[in-house]
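> Quick one: this structure, given as structure tokens, is what I'll be asking you about.
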Amino acid sequence: DDETITVGFATAQSGAMQAYDKPADEAAMIRIEEINAAGGLLGKQIQVVTADTKSDRAEGAKAGLSVLDQGADLVIVSCDYDFGAPAALAAQDAGIVSFFSCAESVKAGIQGVGPLSFSGSVLAPVQGAAMAEWAFKEKDAKTFYKLLDTWTVYNKGICDGFDWMMPKLEEQGAKLVGEDTFKNEDASIAAQITRIKALPEEPDAIMLCTMMPGGVSAVKQLRAAGINSMILNGSGMDGSYWLSAVPDLSNFYIPVQASIYGDDPNPDVKKFNEAYKAKTGADPSSQYVYPGYVAVDVWSKAVERAGTTEAEAVVAELEKMKDEPTLFGPRTFTSELHHQANARYLVVNVDKGKPGVVGEWTLSEPVPMEAILK
Amino acid sequence: MTLLSLTDVSVRYGRLTAVRGVSFSVAENEILFVTGPNGAGKSSLMRAIAGVTHCAAGKITLDGRDITAEKPENIARMGFSMVPEGREVFGSLTVEENLMVGTGMHGGAKRGRIADELASVYDTFPILKERRNGQAGLLSGGQQQMLVIGRALMTQPRLIAIDEPSLGLAPNITDQVYERLIALRAERGLTLLIVEQSSTRAVMVGGRMLLMRGGQIVLDGDARALGNSEAIQAAYFGYEDH
Amino acid sequence: MSHLSAETVSVAFAGLTALSAVDLQIQPGRISGLIGPNGAGKTTLVNVLTGFQSPTEGAVKLDGASLAGLKPHQVRRKGIARTFQGGRLFRDLAVVDNLEVTGVGLGMSRRAAVAEAEAMLEWMGIGVLGDRIAGTLPYTDERRVAIGRALMGRPSYILLDEPAAGMSGPEAAELSALIRRIAHDLGCGVLLIEHNVGLVLGLCEHVVVLDSGAIIEEGAPAAIRNSEKVRHAYMGTAADTEPPVEALEVAQ
Amino acid sequence: MLQILFDALSLGSLYALGALGIALIFGVMRLVNFAHGDVIAFSVFALLWPSTDALAIVFAGQLPWYLLIPFVLIVGALLSVLCEIVVYRRFRHASPATMMIASFALGFVIRYFLLMLFTSRPKSISLLPALGQPVEIFGARLPLLQLITIVATICILLALTLFLRRTRFGLEMRAAAENFSMARMLGVRANNVIMGAFAISGALAGAIALIFGSQTGTLDIQMGASVMLMAFIATVIGGLGSLPGAVLAGFLLGAASVVMQVFLPIDARPFRDAFVYGAVILVLLFSPQGLISARGTKERV
Amino acid sequence: MTAASPTMSAQAVPPSAVAEHKPARFALARKTIMTPILLSLLLVAIAVLTYLTGSRPFNQTVIDVFVRVTLVVGLYIFIGNSGVLSFGHIAFTCLGGYAAAWLTINPIMKASALPGLPQFILDLRLPYWQSAVIAAIFAGVAALILGKVLMRLSGIAASIATFAVLAMINTIYANWDSVTGGTSSVVGIPIIRTIWPYLIGAIIAIFLAWAHAISRSGLALRAARDEPTAAAASGVDIPRERLVAFVVSGAVMGLGGALTAHSVGVVTPDTFYLGLTFITLSMLVVGGMGSLSGAVIGVVLLSALIQILRWMEAGISIAETTIALPKGVQEIALGVIMIVILALRPSGLLGNREVTLFQRKRNR
Ligand SMILES: Nc1ncnc2c1ncn2[C@@H]1O[C@H](COP(=O)(O)OP(=O)(O)OP(=O)(O)O)[C@@H](O)[C@H]1O
Ligand SMILES: Nc1ncnc2c1ncn2[C@@H]1O[C@H](COP(=O)(O)OP(=O)(O)OP(=O)(O)O)[C@@H](O)[C@H]1O
Ligand SMILES: [Mg+2]
Ligand SMILES: [Mg+2]
């Protein structure tokens, strides 16, 4: 209608995905409230409608259709591609722009939904590649070991990025000394550990492409077995809530878009964190809060620039964005990719159980399409 | 003295009434035969007394205590032992384990008595002794029948109810079963409640006989006196509807 | 002449010889009896004849051809039917359907099977039971239905394992008449296992007595009745007191 | 080689322990207790205060080990008994399929109850950290915890088997399992006996929860599911109702998994489970009664 | 109840003579056809109502219901008739869903996402209804091959073996990246948002199930379910009859898989795993495992229940105040209600009965 602009959330408000969707939703809400407080978008207030996907794919499609029926001009869908896609596809069908709040698969965009779909986060391969390059360049890691949890596309994506980066590093003297796989739900990775122990020399770095909860178990078992190599991860392992499982964990590195630990170089991030706490009563639990904010942020900018919420115009404006600054790093969208093939990452290290920012890294070149689409 | 008494007991399966308003009582140390044609409701009646089938109406007392809605295990613990129709052996247990299942209710204190009882069951059915460590489910039909009767005796009941003891038993074994039961009646004052389809055995053994038909008791009297009387023939062959 | 025979059949279960070198022959149209104490191996012999149990030694032959290796359903398709010591009806199916299953199992169409099933029930005199669900039948009717089920498709042989167990005298008499008709009207070879001695002796032309897996006596009923060996191993008082079933049959 | 053996044993013992709990209840009630996995999750989540925060708020988790272990075992046993009283008791005469679905629905209820209290985000906790120490045996390295698990599994198996074979309780339990109403007619207090079985099974669930929790450091609402599934398979291929069979099969499954992980080429490793399940099918085809077929599973004609 | 006592008057004709009086052709079909017709009418009524409301989310809900009906009826064909609880049927749904994806995705997308597919499939692009038919056949053929091996097993061993099949297919589909896209979703499947194709799919499943149930094979299998020993003694080749049911139900599950794919537009191996297995099994058992009507009504009732609980969770306005259940209560309530239904009716809502207009009477 003419009086308001409507943002629809077709995300999980209950069930298994809720723990991941809710923080991103809250962050998006913070941005919406900021916009409304500053006079709205195109002079109109933003109104919010929601529908629960119940962490179920079929329900996802219904939730998407439901917010569309309520007149959504933008549909925010679930954090994970698999769970968000049904709603995003419904939006695509209806000619409405959709944003995955924090999906990191290339499919969360043109490739998996269509030209009206975007993601607020960064591609998983960027994380794997960035960590490998950073460890090699900044930490002097020479020998690498790859341990992949085959459970999700996200995990595989991190390792794809690593695989793309590795040959470049090998030209410069690094070496991949071994690789193995496991499954997130494996109760024990003893066999995988034995294989690492059998190496003539402990690798400098282990690229661990995994996520919660199996990731914690893997880290715990690696350390318990006396393997002290630096462990490189994707952003999925960010957050301090699980650190009590591995007391005194050290030498453990994660890329993040911004820090939840109160030590972000950008003071505005700290302000956001306070606003988040004020709103929800808790600190952000991981960096996956932030992309929800980014999604609303870049979309609203595109709307302002286009002067309309009309999908075609908004998408055109979004695709013009090149290193568009946001609170959580620059964003670039093109007509091929509605996702980030490069990003500025902060590197968090966990030292004796205390996480903190130890560096910043941007890939020397964006991850090319072939590596992303692998 | 009356040991068991039933007043207006009915049993229903959905719309079908299998037992309708049956009343009788069993005195201590009595032998009571319940006979009647196929489908008369004899087994249903037994199961109702044992507490495994719900009584739709009526009242059952054992030893003066109302057991109409009592749990089967408590009825058994009052000294009522039931051998249901169709050999319900615990197929996966050994023969001896089967015999021991029911002996727990005496608190385990009377080990000696249990051993004696076991010896006497083995005495009656030597084949069970031979197969004592074999799996009960692999016994032949008749052997299983011996086992369930032996198992009921192992609980040292005051009243034993047997639904068709001769089912599947060789004639000479049937004789032995009856001999043993009658001996126990004399020795221990055991009360016998026996379901048999045919009245032949009742006539042979003597005692009181109830004749059921269509869920009701149609004759009640001394077995020998009733014998092969007209009344019995009529009861078996009559086709009147009910 | 056609016949079904067990030739020196032995069966051993772990540590137990259930049958040792048993020979037995059944012929169409004739009623043979098989009696013996509990655990003698009667059911085991039926199992061997119908493919449920493979003999450790010896063979089962139909008209001289060995049936070794055939599965139970294949044996049934060769015309050898049986009943079980427990009724084993298809409890959830109607009585007609119980019979129909055999028809279908033998390859009839359902139409043909229904027609034959109903005819069979009629023929046995239990047509009224057709619509009852088999699970609710009383014990004795179960037996009759089981026999009807076995008779579908006109088998050449039928092996009855204690069909009269739990039947009263008059009911046994009716059964006896039925078995006679099965042999005479249908030309079926019948093997009858029973502990109702009166029934067996009154009905069978030839009686085999099994004890501990071996044949201890065989011959005409009169000879069996008078055999001291059989009386000792098996009969007890029954030999004296049970009224012969024919008498009851006549009495009706 | 020895290392592989230990790796196999340590994974296998977890499955074996799970299989014991499942096999016990299956033996008693012909019930495939799908709620077992959720009892596992519940008994360890009882160590935390309900909260939807990402950070775990430890409640009983700080107890010293000699209180903590009984606490978890008792929680498991109590919940399991409660399930039996509230739910399974009403299904005494139901078909196995019905009971299975009922147990599944019950598990569903427990799971969503936990989800409501704790959210789906896994919680981390440092449980019995002392058990993380590696020990060396014959040059092979093995965390103390796994050594304890292996030994405990074998002890529990022996104790349970003896208990069921030698005591009256065991006899009555097996009798009630096979024919509930007949056992009652013989004076067996069948309900109590079955409750006892559930208590043991629940305590076993608690034990798994502890081991799993200390091994992974992570409490996940789904954590029981995969162990439960493997345990269930182990129960069947071990020979239904046979406790030694279940344990043996549990160890074998663990071993198969580890051996495949070690010897499959890297490209085939993600397909590991397909090979393991293929092996399961083969075992079933060759011995449908299971590896150690329990007495009584054979039925004569 | 001695009405059954035989009369000796039946010295009648031997059975063979009477066998001439066969029932009329299709008598059995005519007698039982009311069941599938009534069930289909129920679904048609639901579809028409949905069409009239015009709500898109509700439309999608009903599409889901129809897909579930197809799946649960598919399960019923095997489980209901054979009594063997299969945990593996969703594997055929998986095969069907992916087959539909392979056949309908735009070839350009396919070439990049699923390069391992054979060339002729890569080039192919079929309309959804053709792909659904092929998906069903594909799943049926897979069931034939697997069933040949598995149908020798019975009881719980068979259940586990079928589960192992599911787990194997899941593992393969989750990792054979070049053909299935691995764990990542396969996208680009045309989404069909009209209700009618799903209605037709469900009705086809219902009629197939009915036809199988009244067939010779269906009868023999039901007999073997209760008494395998006696069935063998009646000449029934149990593994073969099981195989027939397995193949028919596998094909229906495959059809259901294709419908699932077209209703959501993406498939992942995960969609076709334990979650779906249990929800469909639950619906079957709650409805009544032994009856086709139970299968259909179980789905409709449980789905309706779920939907009502969802509305309550989302909040319903009564007299100006909105009452909403706390999030997550829906699942708990559903579980509790299922337990209560099963406790009250252990053989499911319908047990073994079928819905018909007339009392079941034999025409004699
Ligand atoms: N579980 C049941 N459900 C429905 N009907 C039943 C059930 N059990 C028995 N009946 C019916 O109840 C009636 C009485 O059966 P019951 O078994 O008590 O008779 P009976 O006298 O013991 O017969 P028999 O001598 O054949 O054993 C019969 O008509 C039988 O069909
Ligand atoms: N599968 C088996 N395993 C072990 N022993 C068996 C098996 N089947 C039968 N037996 C044994 O073989 C012997 C013969 O059994 P069978 O059932 O043939 O006896 P039967 O003559 O039919 O006896 P009844 O008159 O009691 O039915 C019995 O001792 C029985 O325990
Ligand atoms: Mg009876
Ligand atoms: Mg026998």
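Positions of Cβ are set from backbone N, Cα and C atoms, glycine also.
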> Which is it, of E:243-265, E:266-288, that TrEMBL names as transmembrane segment?
E:243-265
> For the annotation transmembrane segment in TrEMBL, which listed range does it cover: E:58-78, E:331-351?
E:58-78
> As a test: from E:128-146, E:195-215, E:243-265, pick the stretch that has the greatest number of Cβ pairs under 8 Å with the transmembrane segment (E:90-108).
E:243-265
> For the transmembrane segment (E:243-265) and the transmembrane segment (E:32-52), does the number of C-beta pairs under 8 Å, pairs 6 or more apart in sequence, reach 3 or more?
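Since fewer than 3 Cβ pairs under 8 Å link them, the transmembrane segment (E:243-265) and the transmembrane segment (E:32-52) do not come into contact.
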> In the same chain, which residue numbers or ranges, 6 or more beyond the ends of the transmembrane segment (E:128-146), come under 8 angstroms Cβ to Cβ?
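Counting only partners 6 or more residues beyond its ends, the transmembrane segment (E:128-146) has Cβ contacts under 8 Å with 92-93, 95-97, 99-100, 103-104, 165, 190, 192, 197, 201, 243, 246-255, 257-259, 262.
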